[in-house]
Amino acid sequence: MDLKFKVHFALVLLFLAHFGESQTGVFDITKYGANSNADISEALLNAFKEACQSTSPSTIVIPKGTFTMNQVKLEGPCKSPLELQIQATLKAPSDPSQLKVGEWLTVNKLDQFTMSGGGILDGQAAAAWECKQSKKCNKLPNNLSFNSLTNSTIKDITTLDSKSFHVNVNQCKNLTFIRFNVSAPANSPNTDGIHVSRSSSVNITDSNFSTGDDCISVGDETEQLYITRVTCGPGHGISVGSLGGNPDEKPVVGVFVRNCTFTNTDNGVRIKTWPASHPGVVNDVHFEDIIVQNVSNPVVIDQVYCPFNKCNKDLPSQVKISKVSFQNIKGTSRTQDAVSLLRSKGVPCEGIEVGDIDITYSGKEGPAKSSCENIKPSLKGKQNPPVCTASAASSS
């Protein structure tokens, strides 16, 4: 092998090595100037800009450590699948005045996006919650916002102490959350775990929620939402709604909550609509194989939802609820009201089914009871307490 050929061969190997390295598509933000003593926002944006242009799958790595990060928006479309691997603890500015109205970390318009890594997004919200309680601050940012994602996965991520919602999901399709964790104190205001709206085929599975508001809340135009093997508590339970508060809300169709456990929550499984509401539709909603442990209001349909008592309760909700089932719900209630089904006088409920309910209450007031208004569900199996019958302890 002559010298010229050896040199040529060596150059080819160097090219292939460089090409192979680029094809692995790993973009470590520390290579873009990120360090633990400064805001990593610019480094993350620069890494994303390059990764987004890659024609082969790429991974942005935020390595282990603790970093500060201001508001960041990662916006596609990108040329190939992209993974954001958060191994670190990311801390938001604690002073709410340092943040503009919007979200802390936003991911928009991506296909085949993955967020992973076992990291923590810490909203550092104590000062913001105090500000919110005093009503002296602007709208506070959510920790995470996912908009117009398709065929994407969020896994092994924790969101901690968000200033508002932990996660907002909007206009997404085929999005999965797995081993996703939400953590905030029970008294943290408006800290819904995941809020889903205008999205279809969203899966939330094997995940844990401890927060100050709904663990999972469902907004309008949600279709085919699957919630499986989720733990909730503290928090306000899993809620479809509140609905009917805005004009032109689209139907909620296909919500399936299965094999979930609620512990020390203010509610269990719930559908809630405003009185004097705009028209709306809730259809094909099923709560099955649910365990409640010391839960206030374990089973609820509330069409007179008015948390701040600033509603016209004389006018009925115009949200039509149909094809809803509560099946195999067992455990203990913190209040005597184990089952509460309050239907609107304005539009009839249809196809409401209650089966195999066994919820006990051990307070001095007496055993658990149900309350029913303007509703006559189909009953299957056993119900303890009796539901919507003459033998119910409280029924109207």
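From the backbone N, Cα and C atoms, a Cβ is placed for every residue, glycine too.
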According to Swiss-Prot, the disulfide-paired cysteine of Cys388 among Cys349, Cys372: Cys372
Region 'Disordered' range according to Swiss-Prot, out of 199-231, 364-396: 364-396
For Cys232 (disulfide bond), the number of other Cβ atoms found within 10 Å of its own Cβ: 30
Coarse DSSP state, helix versus strand versus coil, of Cys215 (disulfide bond): coil
Site with most surrounding Cβ atoms, counting all protein chains shown within 10 Å, from the disulfide-bonded residues Cys215, Cys372, Cys388: Cys215
Other CB atoms within 10 A, centred on Asn174 (N-linked glycosylation site): 17
Entry from the glycosylation sites list Asn143, Asn181, Asn294 having the most other CB atoms no farther than 10 A: Asn143
Sequence-distant neighbours of Asp213 (active site, proton donor) in its chain (C-beta under 8 A, six or more apart): Ser188, Pro189, Asn190, Thr191, Asp192, Gly193, Gly235, His236
DSSP-derived helix, strand and coil totals, residue by residue, for the repeat 'PbH1 1' (172-198): 0 helix, 15 strand, 12 coil
